[in-house]
């Protein structure tokens, strides 16, 4: 069921969505039991919902069967208590359509659909790609995902505005690293599009120009702090929000010192969550960066 509109005051997916890591056992298999425990912990500690099988979840190295089993495990545990959004994007339109349709069939609350990567389609190709997905899964709320640093392709606000004709395209994860992206999207699309920051470090600045929340990596370990920051901003307690924003900057920076999700997996292990190493070709965090990350975590009294 697609709502008639999405309100700035009450976004469909909530304010804080954790882009959850995929836990692996020592033998490299997905640890579904730990994924259930982690997702429940996150939703009890600040997160309004979980994004599975995104960048942080190492979707490029998960089989479709693993992605399906991961969703079934997590959604079955959380049930209706929290939103579960599934990454269904691909640089092959037919593959993305199939994945998005299956996400709907198995009860996902929404799908995160990334801009096609590597083949770098023009804007008309991006429009056709996303419109085809929206038509094929018309009852599933969709969140577009613009991350040109990874895809090599930028989804322009004018193209997003054209896509707003599809009632199930309700939101976008803006991860270009540019605060101006929010302003440009709001100028093109108005308030009918819910814009989520795709960068923890830019959450507060993006809130100030119209974003509704964040698809977060740091919320694995500072979800409650992020929740307080957003609530303080909403109440006009800007000095409190700014204080949290500034205190968390060293952590935000450390979590992206190297390729995500390498640092956040290390941070979780330092907090006692044995989520395993990333799958090849990603590698574990090197010793020096791990020690630096530990110091930051200790300084924050986490």
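Keep in mind that glycine also has a Cβ here, set from the backbone N, Cα and C atoms.
Copied over from Swiss-Prot, here are the features:
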type	residues	note
ACT_SITE	145	active site, proton donor/acceptor
ACT_SITE	173	active site, schiff-base intermediate with substrate
BINDING	56, 215	pyruvate binding site
SITE	55	site 'Part of a proton relay during catalysis'
SITE	118	site 'Part of a proton relay during catalysis'
Within 10 angstroms of the residue listed as 'active site, proton donor/acceptor', Cα basis - recorded positions out of 56, 118, 173:
173
Measure from the Cβ of the residue listed as 'active site, schiff-base intermediate with substrate' and count the other Cβ atoms within 10 Å, all protein chains considered.
26
Taking the Cα atoms as reference points, how far is residue 55 (site 'Part of a proton relay during catalysis') from residue 215 (pyruvate binding site) in Å?
11
What residue among the recorded positions 118, 145 has the most other CB atoms lying within 10 A of its CB?
145
I want to check the contact list for residue 56 (pyruvate binding site): same chain, sequence separation of six or more, C-beta distance under 8 angstroms. What comes out?
19, 20, 21, 217, 260, 261, 264
Distance from the residue listed as 'active site, schiff-base intermediate with substrate' back to residue 118 (site 'Part of a proton relay during catalysis'), taken between C-alpha atoms, in Å:
19
Residue 215 (pyruvate binding site), number of other Cβ atoms within 10 Å:
29
Using the alpha carbons only, what distance in Å do you get between the residue listed as 'active site, schiff-base intermediate with substrate' and residue 215 (pyruvate binding site) once rounded?
7
